[in-house]
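Feature list (source: TrEMBL):
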ACT_SITE  Asp479  active site, nucleophile
ACT_SITE  Glu534  active site, proton donor
COMPBIAS  64-81  compositional bias 'Polar residues'
COMPBIAS  132-141  compositional bias 'Basic and acidic residues'
DOMAIN    336-716  domain 'Glycosyl hydrolase family 13 catalytic'
REGION    57-83  region 'Disordered'
REGION    115-151  region 'Disordered'
Amino acid sequence: MLFCVSGLRFPRVSPVYRFGASSFNGASRSCSLSLLLKKHHFSPFSSLTVAASKKVLDPGGQGDASSPMTDQLESPSTISDDPQVIHNVDIEGMEDDKMIAVEEQESFPSVFANSDEEAHAEEPSVPLHRNASTEKSEAKPRSIPPPGEGQKIYEIDSLLLGFRNHIDYRYAQYKKIRKEIDKYEGGLEVFSRGYEKLGFTRSETGITYREWAPGAKSAALIGDFNNWNPSADTMSQNEFGVWEIFLPNTADGSPAIPHGSRVKIRMETRSGVKDSIPAWIKFSVQAPGEIPYSGIYYDPPEEEKYVFKHPHPKRPKSLRIYESHVGMSSMEPLINTYANFRDNVLPRIKRLGYNAVQIMAIQEHSYYASFGYHVTNFFAPSSRFGTPDDLKSLIDRAHELGLLVLMDIVHSHASNNVLDGLNMFDGTDAHYFHSGSKGHHWMWDSRLFNYGSWEVLRFLLSNARWWLEEYKFDGFRFDGVTSMMYTHHGLQVAFTGNYNEYFGYATDVEAVVYLMLVNDMIHGLYPEAVTIGEDVSGMPTFCLPVQDGGVGFDYRLHMAVADKWIELLKKRDEDWKMGDIVYTLVNRRWLEKCVVYAESHDQALVGDKTIAFWLMDKDMYDFMSLDRPSSPIIDRGIALHKMIRLITMGLGGEGYLNFMGNEFGHPEWIDFPRGEQHLPSGKVIPGNNFSYDKCRRRFDLGDADYLRYKGMQQFDQAMQHVEAKYGFMTSEHQYISRKDEGERVIVFERGNLVFVFNFHWHESYGGYRVGCSKPGKYKIVLDSDDLLFGGFNRLNHDVEFFSTEGWYDNRPRSLLVYAPNRTAVVYALVEDEPKATGNLQLTENVKNC
C-alpha cells in the first residue's frame, strides 16, 4: 500500500486505536506531535449552539427559559437545547408572524459577512472539483417548494387527531426554520450549499479556507505546503466564530496548496493546542506507520478529474436493493477497492436481477471495524478503497448498468474520536453535539448531534446534498433514525404501537424537524432521489410527504421482519404460526411504503447468525457438495431459506433488500480485523489477530457448479427476475386467502400472481384447492422445488391450471394444485404473461445468466 502526495495512490491501512474524549493528540507531518491536554470541557456560549448572532431574541423582553414555546427557536443562531416536545400546546389560530418571532429582529447578518473574501469577492469561489460532470451547470434552476399546510395526515390517519397539538407544533417548528432560512440564508437551496463557503474553496486567484470553530482562541492552517509551520498561515475570526484565510496563487499561477498535500487546522483552545482535520475536508488518509489520519487537499488537474458519462437511471417503481460493503466485497482476505467493486461486483448485482445497490461505509471512518457507522470525516469518501474519482467511476458504471446507487448515510451520530473527527473539534464539548450526557450515546459510544444548532443544520443538510451533487448518488438509507427521533434513542424500549410512544415528551422534535428539512431539500432539488429511513419504532407519518405533515421519507426499513425470522428459527417447525408470520409481514402503515428484508448485514455480524447458519449450522461444512449425499438438516435448510426469502419479498413491502452473499446462504459470519481490547473495567475482549479471513465475501461458493450454494443463488436470481417481470411488490391488488395452522399453508395474491406456501415438514397436498380472483389459465412461473434451485423436482412445469367458478376462501374462483411440503410455488395468469414466458423459460434464462 502506497502513500504519496501526488494523489495517485493513498493508503488503505486499518487503524487499531480508540480515543476517549478526555484528551487531545495533535499530529503534524510524518512525525506525530502529541500534547497531553487539560481534561476539563467548557462551552463559550450561554447557549449551546451556533456562534452566530450576539443578540438572543426575547420578544417583548419577557423571555422565560421555562416556556417551551418561545424558547424553541430564539434566533437562527440559537435553537433550544432543552427537551422540546410539546403535547398540550394550543397553536390553532396562530399567525405565521407570531410563530416566527425572529421576524421582529431588524436583521441577521450572514456568518460570512465582513470576511477576508470581500477583498477578492469579484472572483467567484467554488468548492473543489465541482465541475467533474457532463451535466451542465446552467440547467434549469432547481427550487424547493414552500411548506404546505401540514394537515393532510389527519385525513389519512384519524388517530393522529388525538395528538394534534404535538404534531401541529412540530410542523410549526419546521415552518419557522424554513422561514428563517429563507430570510437569513437566501433559502434552503442556498443554505444546503455550505460546502461552497466552508472548508476549502478555490477561485481563479487563490484558495479560501473557512472553519466554524467558535471555541478556538486562535487558528492556523498547517500542512505540507507550509512545512507545518503554525506561524505561517494564521487565520482571522469573524463575530460568528468562523475562522478564515485566503492563500493567493503562487507567482507562477499555481495553487498555494498542491493537490494531494496533507493539511490540518491548528487551534489554541481553553483545553490546549489541538490539530484537527478540517470538518469539511473532502478526502483524508492514514499514512503507513501513522495512527492519526490527515486531511488531504484534493483538487486534481482538470484532465485527471473523472467526468460522468451516464445519466441517472429512472427511479424504478419497486426497489430491489443489494446491500454491499466495498471493503469486504473481495473473495480474497483483503480490503477491496472501488475499482474492483466496479468491475467485478456491479455486473454480478445486475445479473442477479437487483435494480439498486446500497453501499455502506462510504463516509470516512477511522475505525474499520465500525462497519462505517462511526464517521470521522463526513464529506470524505473512505480512502481505504481508493480516491474520490474512483468512487465516481464506480457510480457512473452502476448508472450505465441501470442500477440506482444508494448511500448508507450516517447523520444519527458521529465517532467520539477527538483526533480525526468532530468530537471536541474546537476544544468544547458542545460544538457540533449536545453537551454532557445528552450528547453521548451510551451504547454506541459515540457523539450525538445537536439538531437545534443552526450550523449543525447547515453542516448536515450540505453533507446530504454534497453526496448527491458531487458523486451523483441516487439517494440515501439514513442510518439510526430511531435513535435520532427519541431522547431514549429506542434503547430498552418496546414499541407497542400506542401513539403516546410517538408523540410525547420522549420525542426529540428538533431531530424530527431536521429529518423533515433534509427530506424536503432532497425531494425538492432531486425529485427522483430515494430516501429510506431505518426506523424500528413505527413512527406514524414517517413516510408521508412533508407538505402533508409527514417526516418525508419514501420508505421505512421494515426491521421487525428479520427479528421475527430469528425468533422463529429458534423454535421447532411445529411451533411456527402461519398467522404470526403473515401478521408480521403485513403490519405496516397505510400509504407508507416499506423496504423489507429477511436479513441484512446486522444478522451477518459476528455474535449473530445468518438465516442459512441458523438453519444448517455446522452441516454447511460437510454436506454442501453435490458429489456426496445431503443431510436432513441441509435439505430442510435450503428449502426454508428459499421460502423465507420469497414470502418476505411477496408480502413484506414495496421494496426488498438483501445483504451481499446472503442470496446464496453465505456461510459463517462477518468479523472485521481487530486486536485485543482492554476495557477500563479490566475485562479483555479477544481479537482475531487482525485477520481478514471472515471479512470478505466468497462469491465463488455461489458460482460453483459442484456446490449446493449455487441452487440457492439461482433461486434468488429467479425471484428477482419474476418481480422485475410482474412487479408484484407494488401491485395494488393484494389478498391473503389462507393462513391454515393445521396444514401449515399460506396462500395470497399479488397482482395476477397466486403464491402458495406449504411450510409443513412432511405433508404434501395433491389436488389442493386455492382461491384466485381472475378467471383463466395459470402456469408455474417460480417453483422453489425446481432441481435447478436445489429442490426435488416434484412439480411438472408443463401442466396448465384452469380456474373454476365458485367461491372458495372468499375468492370468486379457485385452482387445484399440488403443494409439496416445504415448497413455495408462484402461479401466473397466462393472459397476463409476456410471450414465451413460463417457468421453463425463466429457468432457461437463469441458466444462461
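Note that Cβ sites are derived from N, Cα and C of the backbone, with glycine treated the same way.
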How many other Cβ atoms are found within 10 Å of the Cβ atom of Asp479 (active site, nucleophile), counting all protein chains shown? 22
Cα-Cα distance linking Glu534 (active site, proton donor) and Asp479 (active site, nucleophile), given in Å to the nearest integer: 5
Local confidence of the prediction over the domain 'Glycosyl hydrolase family 13 catalytic' (336-716), expressed as mean pLDDT: 95
Is it possible to get the count of other C-beta atoms within 10 angstroms of the C-beta of the residue listed as 'active site, proton donor'? 20
